[in-house]
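Single-structure report; data block below.
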Amino acid sequence: MEYVYLILFSIVSLILGSFSNVVIYRLPRKILLKNHFFYDIDSNRSMCPKCGNKISWYDNVPLLSYLLLHGKCRHCDEKISLSYFIVELSFFIIAFPIYWLSTDWVDSFVLLGLYFILFNLFVIDFKSMLLPNLLTYPIFMLAFIYVQQNPALTVESSIIGGFAAFIISYVSNFIVRLFKRIDVMGGGDIKLYTAIGTLIGVEFVPYLFLLSSIIAFIHWFFARVSCRYCLYIPLGPSIIISFVIVFFSIRLM
C-alpha cells in the first residue's frame with residue numbers, strides 16, 4: 001500500500017511542479033496589471049509565444065514532454081526556456097524529503113501543499129518582490145489541518161505563534177519607519193511571518209526571526225557587493241529558508 005501512496009505522491013508532485021510554472025509566470029503579471037485579489041491564473045491555455053499555437057495536453061506532460069520535444073515548440077521549433085524544465089525537476093526532487101519525513105499520507109499531502117505554496121512564494125518574491133495574498137492566505141488553512149494532525153503543536157501555541165509573529169514584524173517595521181522613514185518589510189512579509197508563526201508555534205517564533213534576519217543580512221550584503229545601487233532585497237526567501245530550517249528541526253527533534 002505504501003508504494004501506491006508513493007506513486008500517487010510522485011504524480012501529484014509532478015503536476016504541482018508543472019503548475020508552478022503557470023503560477024510563477026502568470027500570477028505576478030495579473031497582480032501588476034489588474035491589482036485584484038481573486039483572478040483565474042489559468043484562464044487561458046498555454047501557447048507558443050512565437051507561433052501562437054495552443055500547447056496540447058500531451059505536450060504538457062511534466063518533464064517528459066520537454067525531453068521528447070528537445071526543448072522546442074512542436075509547431076515552429078521555437079526554443080522553450082530551460083527554466084520551465086528546471087522548475088519542474090527541482091520541485092519534484094525537493095518533494096521527496098517531505099514524503100520520507102511525513103508521518104502518514106494525510107501529513108505528506110498537507111506538507112506537499114505547503115511546499116507548493118512556499119516554493120512559488122520564494123520564486124515570485126525573488127523575481128518580482130511580490131508575495132501574493134492568493135498564496136499566503138491558504139497557509140492559515142493548512143496550519144489548521146496541520147495542528148489537528150500533530151499533537152506536538154497545540155491550537156493555543158499555533159494561534160499565539162501567529163499573533164506573536166505579527167506583532168514582532170509589525171512593530172519592528174513601525175519602529176524603523178519612525179526613525180529611518182523607510183519600510184524594512186512590506187505587508188506581504190508581515191502576512192507571511194504571521195502565517196508561518198501558526199505553523200511552528202510561539203516557542204519557535206524567536207528562532208524564525210533570528211535566522212531570517214541573519215539570512216536577509218547575508219543576502220543584502222552580497223547584493224550590495226554585486227550591485228552598489230541595490231537598496232532593497234526581497235525578504236520572503238529569507239523568511240521561507242528560515243522556516244524550513246526551524247520547521248524540520250522541530251520535526252526531527
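Using N, Cα and C of the backbone, Cβ positions are placed for all residues, glycine too.
According to Swiss-Prot, the transmembrane segment annotation covers 4-24 (among others).
If you look up Swiss-Prot, you'll see CYS48, CYS51, CYS73, CYS76 marked as Zn(2+) binding site. Cβ neighbours of CYS76 (Zn(2+) binding site) (same chain, under 8 Å, six or more residues apart in sequence): CYS48, LYS50, CYS51, ASN53. DSSP gives CYS76 (Zn(2+) binding site) a coil state; it is part of no helix or strand.
Taken from Swiss-Prot, the feature transmembrane segment covers 80-100 (among others), and the record attributes it to sequence analysis.
The transmembrane segment annotation in Swiss-Prot covers 106-126 (among others).
Look at Swiss-Prot and you will find 129-149 (among others) tagged as transmembrane segment. Same-chain residues lying 6 or more positions outside the transmembrane segment (129-149) and placing a CB less than 8 Å from one of its CB atoms are 23, 27-28, 31-32, 37-39, 41, 103-104, 106-107, 110, 113-114, 117, 120-121, 155, 158, 162, 186, 188-189, 191-192, 195-196, 198-199, 232, 234, 236.
As annotated by Swiss-Prot, transmembrane segment applies to 159-179 (among others), with the evidence given as sequence analysis.
Swiss-Prot lists 198-218 (among others) with the feature transmembrane segment.
Annotation source Swiss-Prot lists transmembrane segment at 230-250 (among others). Within the same chain, residues 101, 118, 121-122, 125-126, 129, 131, 152, 184-186, 188-189, 192-193, 196, 199-200, 204, 207-208, 211-213, 215-216, 219-220, 223-224 sit at least 6 positions outside the transmembrane segment (230-250) and bring their C-beta atoms closer than 8 Å to a C-beta of that stretch.
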Residues of the parent chain within Cβ reach of the transmembrane segment (159-179), under 8 Å, 6 or more residues beyond its termini: 140, 143, 185, 189-190, 193-205, 208-209
Neighbouring C-beta atoms (10 Å sphere around the C-beta of CYS73 (Zn(2+) binding site)): 18
Other C-beta atoms that fall within 10 angstroms of the C-beta of CYS48 (Zn(2+) binding site): 18
